[in-house]
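Undergrad: Relevant sequence annotations retrieved from Swiss-Prot are reproduced here:
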REGION    1-46  region 'Disordered'
REGION    1-197  region 'Required for interaction with and ubiquitination by MARCHF2'
REGION    44-111  region 'Interaction with CHUK/IKBKB'
CROSSLNK  Lys111  ubiquitin cross-link
CROSSLNK  Lys139  ubiquitin cross-link
REGION    150-257  region 'Interaction with TANK'
REGION    242-350  region 'Ubiquitin-binding (UBAN)'
REGION    246-365  region 'Self-association'
CROSSLNK  Lys246  ubiquitin cross-link
REGION    251-419  region 'Required for interaction with TNFAIP3'
CROSSLNK  Lys264  ubiquitin cross-link
CROSSLNK  Lys277  ubiquitin cross-link
CROSSLNK  Lys277  SUMO cross-link
CROSSLNK  Lys283  ubiquitin cross-link
CROSSLNK  Lys285  ubiquitin cross-link
CROSSLNK  Lys292  ubiquitin cross-link
CROSSLNK  Lys302  ubiquitin cross-link
CROSSLNK  Lys309  ubiquitin cross-link
CROSSLNK  Lys309  SUMO cross-link
REGION    322-343  region 'Leucine-zipper'
CROSSLNK  Lys326  ubiquitin cross-link
REGION    363-394  region 'Disordered'
REGION    382-419  region 'Interaction with CYLD'
ZN_FING   389-419  zinc finger
CROSSLNK  Lys399  ubiquitin cross-link
Amino acid sequence: MSRTPWKSQPCEMVQPSGGPAGDQDVLGEESSLGKPTMLHLPSEQGAPETFQRCLEENQELRDAIRQSNQMLRERCEELQRFQGSQREEKEFLMQKFCEARRLVERLSLEKLELRRQREQALQEVELLKTCQQQMAEDKASVKAQVTSLLGELQESQSRLEAATKERQALESRVRATSEQVRQLENEREALQQQHSVQVDQLRLQSQSMEAALRMERQAASEEKRKLAQLQVAYHQLFQEYDNHIKSSVVSSERNRGLQLEDLKQQLQQAEEALVAKQEVIDKLKEEAEQHKIVMETVPVLKAQADIYKADFQAERQAREQLAERKELLQEQLEQLQREYSRLKTSCQESARIEDMRKRHVEVSQPTLPPAPAHHSFHPALPSQRRSPPEEPPNFCCPKCQYQAPDMDTLQIHVMECIE
């Protein structure tokens, strides 16, 4: 740090009032150091009064010179003390100026860090938007799979109805066959001796017919069992989906909550830095006001004060820009929160559809066995076994257990319930 040159104030020497020119030639002068000079006497001797007066004036001159030297020394010491105090004040001001500059640099770094964090948050928003688009596409594919699943369910229901109708037809044929068997039994009682061989053949045919009937009943029972398993799988699918949605929502909210807490903490740190900076600036401003009178006497310090004032104005503008930046970041934070809420809702919907699609794929892997071949048979011997009573079809929603009157109503309700 270069030292500021000081201009010493001129100190005027006290000049004693001298006598006439002839007296100055007679008496000698004393220098500023107080050394007496040779006294030159004229060739002619003066009166005693004149000599006495010259001695008195010489003594007065010496006293005046001594007083002038003493005042000059005091002035010099005072000037040195003043220069030392001014130098200390200058060093103090330069130290404060360096501290303010370091504070400005630190705030600039914090500003760059906040800008980087904002860019990172924008990148995360873009990534979430991309995920949302992907989930929308997955949602469309899942809807298509649900539609195909409902078509398969309707097809299996149609097959079950066809099997039920075939079973009813078989039971009708069995009843007709039973009537014929009773008639043959009456004839057998009359013609037992004559048609023993035919009776044995008819008995064999009756046994084969009973076996075919048992196979048909087993096939119908298997169809009912598969339908019940499909309904249970649907119910379990939606229960697992609800559990998965709850766990995913809790984890997503926890992660977003941590990110929001980090952003709020960063904003609070920025506010505290701005408050501390304002306090430092106010303190420096008060100190500048206190030293304003002294700085007016020193041109170099005045120029430095002008530079400091310009830096202060720049600092104020930077503080205002930081305040505007803070408001902008607050608005962006609120916008990100709204975007997060919207994306969270979309993610929940997409996760629900994705989980349902996975469950549908797992459930739809075991294919339904083909319907058993219907064996044609001829009337045979009577049978004592009767078929169990027919069970009505159960059109039940696997999610809310809604009982539908028919298959079309169930299909419409399942689509609405899933959406």
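These residue numbers are counts, starting from 1, taken along the chain as shown.
Cβ coordinates come from backbone N, Cα and C, glycine included.
Describe the structural surroundings of these features, if you would.
TA: In the predicted model, the region 'Required for interaction with and ubiquitination by MARCHF2' (1-197) has a mean pLDDT of 76.
Less than 8 angstroms from the CB of Lys111 (ubiquitin cross-link) sit Leu322, Arg325, each of them six or more residues away in the same chain.
Mapped onto three states, the DSSP output places Lys139 (ubiquitin cross-link) in helix.
For Lys246 (ubiquitin cross-link), no same-chain residue that is 6 or more apart in sequence has a Cβ closer than 8 Å to its Cβ. DSSP assigns Lys246 (ubiquitin cross-link) to a helix in the three-state reduction.
Sequence-distant neighbours of Lys264 (ubiquitin cross-link) (same chain, 6+ apart, CB under 8 A from its CB) are Leu333. The secondary structure of Lys264 (ubiquitin cross-link), as reduced to three states from DSSP, is helical.
Sequence-distant contacts of Lys277 (ubiquitin cross-link), defined by Cβ-Cβ distance under 8 angstroms and a gap of at least six in the same chain, are Leu103, Leu107, Glu315, Arg319.
DSSP assigns Lys277 (ubiquitin cross-link) to a helix in the three-state reduction.
Neighbour count (other Cβ atoms within 10 Å of the Cβ, all protein chains): 11 for Lys283 (ubiquitin cross-link).
Over all protein chains present, the Cβ of Lys285 (ubiquitin cross-link) has 12 other Cβ atoms lying within 10 Å.
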Undergrad: How would DSSP class Lys309 (ubiquitin cross-link) in three states?
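TA: Note: Lys309 (ubiquitin cross-link) is helical by DSSP.
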Undergrad: For the region 'Interaction with TANK' (150-257), what are the DSSP-based totals of helix, strand and coil residues?
TA: 103 helix, 0 strand, 5 coil
Undergrad: Are there recorded sites among Lys139, Lys309, Lys326, Lys399 that sit within 10 Å of Lys285 (ubiquitin cross-link), Cα to Cα? If so, list them; otherwise say none.
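TA: Hits: Lys309.
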